[in-house]
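> One structure coming up, written as structure tokens, with questions to follow.
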């Protein structure tokens, strides 16, 4: 009888029940229970990796929401449990097919005159996961593609042309989602900027010949420089220029002190309307004076020598910007770079600035621009105190004068009547100035001008 109390407990395998987990799920038995996991290409309706079968379904996962699903020369098409990469017109896989499954395939340009066509394939080094659920982002993010092998110059030109044309799709996606949060817009912009720089750099690095190559569209200008040998002189400076913006960088920074290298310089013609002054936070700016009302006052530019993220340079690089608006005496220009979600001026400073242009020196490469800000004038506390005390005494005296002219019957005549009006007008003017000394709204200015006009009329009548 006692032995029956210690009989081993027998676990029930719930997975023997075919209804334990939903369709497209795998059942796993566990001690005292079980759990379900969705098959590859599917995800649970409640968002959890492990679940029991009650009320939860496995739904198809749209892999095309991942911006790195397909290469630059292919379009992503979602299918149940997986996805297809369909090569764009003029491209095919090395095996001659027009589509493939997964991100490991490639699409190459159809070039019947060349036995070894240039492959445009995905660089694992530049893979980035996208958290946005915007299906239009697939085309934008396709700029993560880079050239492999030893391409011909004309093929590199095609790659660069794809890059400069890609901004139209990116801009369209941003504008179509007017309710997009600032953080999501910033993330999309950051991903796009990284991919453009990476793709352009890889294309430049794999050119068979040295020298510069330039591509331009209505959205951006790209100029790349490929160096195949060592630098000619010790402190040789190479210059890249796109319209009015330019970059001066030491040759040894491009080659890394060795032999060969590449540098990319990009000017964005309208990116500033997306990453404008609203993405400025004073906490991310190192300022030696109080500044307000930040706004972007130049085109955005990017520069890279292949470093993945804001690497420190052995020698600083200089950028020249032309201002969109003339910078007045009460304004100041700041050199800033795009730091993932906000503008920051860490590692950058102004070495020259006038009303039309600014030259920045930076210790790293990224995406840069010039901010214009209003300089907050410093108040002298002594003068401020004198102003308030003096105006208060003037108001008191004018109030007493008005009472005197109004209540003393023995002195009332035409002259005292004019003095009464003058005292009231001055009282209102001083009161307006005292209460609105720090307010510059248009309504306050119009009221001040009206009172001043009345004052001069009364003063003129008094002289008659």
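Placed from the backbone N, Cα and C atoms, the Cβ positions cover glycine too.
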> Tell me which range among 420-437, 438-455 TrEMBL lists as transmembrane segment.
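Within the set 420-437, 438-455, TrEMBL attaches transmembrane segment to 420-437.
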> Look up transmembrane segment in TrEMBL and report which of 361-384, 385-408 it refers to.
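Checked against TrEMBL: transmembrane segment maps to 385-408.
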> Can you check how the pLDDT averages out over the domain 'EGF-like' (11-48)?
85
> How many of the residues that make up the domain 'EGF-like' (60-97) does DSSP mark as helix, as strand and as coil?
3 helix, 15 strand, 20 coil
